[in-house]
Amino acid sequence: MFPLSGCWRTELLLLLLLAVAVRESWQIEEKSCDLVGEKDKESKNEVALLERLRPLFNKSFESTVGQGSDTYSYIFRVCREAGNHSSGAGLVQINKSNEKETVVGRINETHIFNGSNWIMLIYKGGDEYDNHCGKEQRRAVVMISCNRHTLAGNFNPVSEERGKIQDCFYLFEMDSSLACSPEVSHLSVGSILLVIFASLVAVYIIGGFLYQRLVVGAKGMEQFPHLAFWQDLGNLVADGCDFVCRSKPRSVPAAYRGVGDDQLGEESEERDDHLLPM
């Protein structure tokens with residue numbers, strides 16, 4: 001009885017430890033973006049955009065602005081908690097003079113949309129204003145612009161709009177290649193002509209080779225189509241270059257020709273008689 005009771009106690013203790021471990025793992029699991037609206041009615045386009053930004057989930061971006069007592073640091077993460085991990089903040093502002101942390105936007109109220117070369121990520125549900133914007137909750141608007149040369153960078157605050165009664169926001173910008181639309185490669189006219197020319201040359205060589213071998217019955221180099229023409233091509237090119245490029249006129253053959261001794265007849269001595277003195 002006693003050994004059996006001790007065994008049961010050990011098993012219960014192990015189950016209790018396992019339950020505590022599972023509970024702790026659930027608690028420390030990082031939160032992710034929760035789109036505005038009901039879970040089963042989320043926009044497929046927004047879900048696809050968040051999946052597109054997944055390579056940035058494990059990155060943290062920080063930027064510091066101002067000087068003196070008005071120096072603020074902004075920490076931003078994509079679909080991950082920034083700053084105090086229990087706050088659910090996606091973007092926080094830290095006052096460097098007193099290290100006070102203000103939540104600008106939370107990831108549990110995320111809205112996202114895009115254009116041809118940009119993505120707009122919005123975190124709502126930040127800490128309430130004290131005396132501005134009707135004491136509404138803060139909101140962070142991050143403009144992610146296309147930059148094909150970097151995965152992510154150049155995170156900077158642009159401005160804070162708090163002069164209105166409502167719909168105030170903090171505006172930020174950053175660069176990322178993930179915001180770029182896919183490049184569509186088009187063949188140029190020259191490339192198309194080159195492909196056509198290469199295809200015609202291949203058809204000419206293969207077709208001519210088969211014809212020479214199967215129909216004519218040629219062997220060896222004679223199987224190459226129009227072999228005599230290609231062998232004489234160099235001379236033809238040289239003649240054409242000589243005809244087109246040379247500016248010096250060609251030597252014109254003489255209009256007369258020499259006469260050989262065998263073509264000369266015997267001259268009569270009477271031809272010179274009139275030269276003798278009388």
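From the backbone N, Cα and C atoms, a Cβ is placed for every residue, glycine too.
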| So which range, 26-48, 256-278, gets flagged region 'Disordered' in Swiss-Prot? | 256-278
| Among Cys168, Cys180, which cysteine is annotated in Swiss-Prot as forming a disulphide with Cys133? | Cys168
| remark: Simplified DSSP label at Asn114 (N-linked glycosylation site) comes out strand
| field | Distance, Cys79 (disulfide bond) to Asn58 (N-linked glycosylation site) (CA atoms, angstrom) | value | 9
| Cys180 (disulfide bond): which of the recorded positions Cys79, Asn108, Asn114, Cys133, Cys168 is the nearest Cα neighbour? | Asn114
| task | Sort the recorded positions Cys33, Asn114, Cys133, Cys168 by C-alpha distance from Cys146 (disulfide bond) and give me just the closest. | result | Asn114
| task | Any same-chain residues 6+ apart from Cys168 (disulfide bond) with CB under 8 Å of its CB? Would you list them in sequence order, or say none? | result | Tyr129, His132, Cys133, Glu136, Arg138, Arg139, Glu160, Glu161, Arg162
